[in-house]
Amino acid sequence: MKIATWNVNSLKVRLPHLLQWLDTNPVDVLCIQETKLEDEKFPLMEINAAGYQVAFSGQKTYNGVAILSRLPITDVVRNNPRFEDAQQRILAATIEGVRFICAYVPNGQSVDSDKYVYKLAWLASLREWLAEELRTHADQGLAILGDYNIAPEDRDVYDPAGWGEEVLCSPKERAALTALVELGLTDSFRMFEQPEKSYSWWDYRQLGYQKNKGLRIDHILLSESLAKRCSACAIDRMPRKWTQPSDHAPVIATLD
DNA sequence: ATGGCAAGTGATACTTGA
């Protein structure tokens, strides 16, 4: 089973890229973020025609998440039931017995902003809910895939000194991510040897991609039973090279 | 040091992203 996550930065703009990518990468499950579409505008027909069922939870202009699957999807839940949130950032579903959570973690804007406070509260509540979900799904496993908006370590940042303790790299955010991992999750990317300077997002400005000025902020975290099944994880930089790309690249993991 | 770029909204300059 191949599973993947991709922040598409507007599904309206990126639908052709999504379909093209799935054509050459027919993963079984794909979690997407930042669809930026109300549910009535979701391109259901096009995605169905590509061979995927899909659950989605969107809103106008901002946020929005979806889970695409070649296999039947059941038990869809929108949002963290413990966290009252007008923003559509979480979608959970069961596929082949595995619990999948698609997450678009708040950006946080800057460490002195209200959005940063919201981000930390959001993550703390996610941890509480995940602890419960992990117990419920201990046997067949749980995978939480998405845009975490957190670079876990300095090696996940192109210029750690320059970024310092700015948002996406701050100690409190990293501690919040560590607290998720300590529930019994594994960053699938770091289970394997990887190229140095591996990133999943590059700034549109200043030739960020061409200069590989990026961050690794998109992650696939696996519960214990799924980590045992995981035989590969990689970032696919290809679609970041296409014309009018998303600023994020997909991350793919293989479960045996 | 600052702003650079992209997308959405709505028709203009703005907000947000990371």
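If you go along the chain as it appears here, the first residue is 1 and each next one adds 1.
Every residue, even glycine, has its Cβ placed from backbone N, Cα and C.
Per TrEMBL, domain 'Endonuclease/exonuclease/phosphatase' is recorded for A:4-248.
Feature annotation from TrEMBL assigns Mg(2+) binding site to A:Asn7, A:Glu34, A:Asp147, A:Asn149, A:Asp247, A:His248. Its own atom aside, the Cβ of A:Asp247 (Mg(2+) binding site) has 18 Cβ atoms within 10 angstroms in the protein chains shown. Secondary structure at A:Asp247 (Mg(2+) binding site), taken from DSSP and collapsed to helix, strand or coil, is coil.
Secondary structure at A:Tyr104 (active site), as computed by DSSP, is strand. Positions annotated as active site by TrEMBL: A:Tyr104.
According to TrEMBL, the feature active site, proton donor/acceptor maps to A:Asp147. In sequence order, A:Thr5, A:Asn7, A:Gln33, A:Glu34, A:Ala103, A:Tyr104, A:Val105, A:Ile217, A:Asp218, A:His248 make up the list of same-chain residues 6 or more apart from A:Asp147 (Mg(2+) binding site) whose Cβ falls under 8 Å from its Cβ.
Annotated site 'Transition state stabilizer' per TrEMBL: A:Asn149, in sequence order. The Cβ neighbour count for A:Asn149 (Mg(2+) binding site), using a 10 Å radius and every protein chain shown, is 23.
Counting every protein chain shown, the Cβ of A:Asp218 (site 'Important for catalytic activity') has 25 other Cβ atoms within 10 Å. The site 'Important for catalytic activity' annotation in TrEMBL covers A:Asp218.
In this view, A:His248 (Mg(2+) binding site) is surrounded by 26 other Cβ atoms within 10 Å of its Cβ, with every protein chain counted. Sequence annotations record features per position, and here TrEMBL assigns site 'Interaction with DNA substrate' to A:His248.
Residues or ranges marked as active site, proton acceptor in TrEMBL: A:His248.
Averaged across the domain 'Endonuclease/exonuclease/phosphatase' (A:4-248), pLDDT for the predicted model comes to 97.
A:Asn149 (Mg(2+) binding site) carries neither a helix nor a strand DSSP state and counts as coil.
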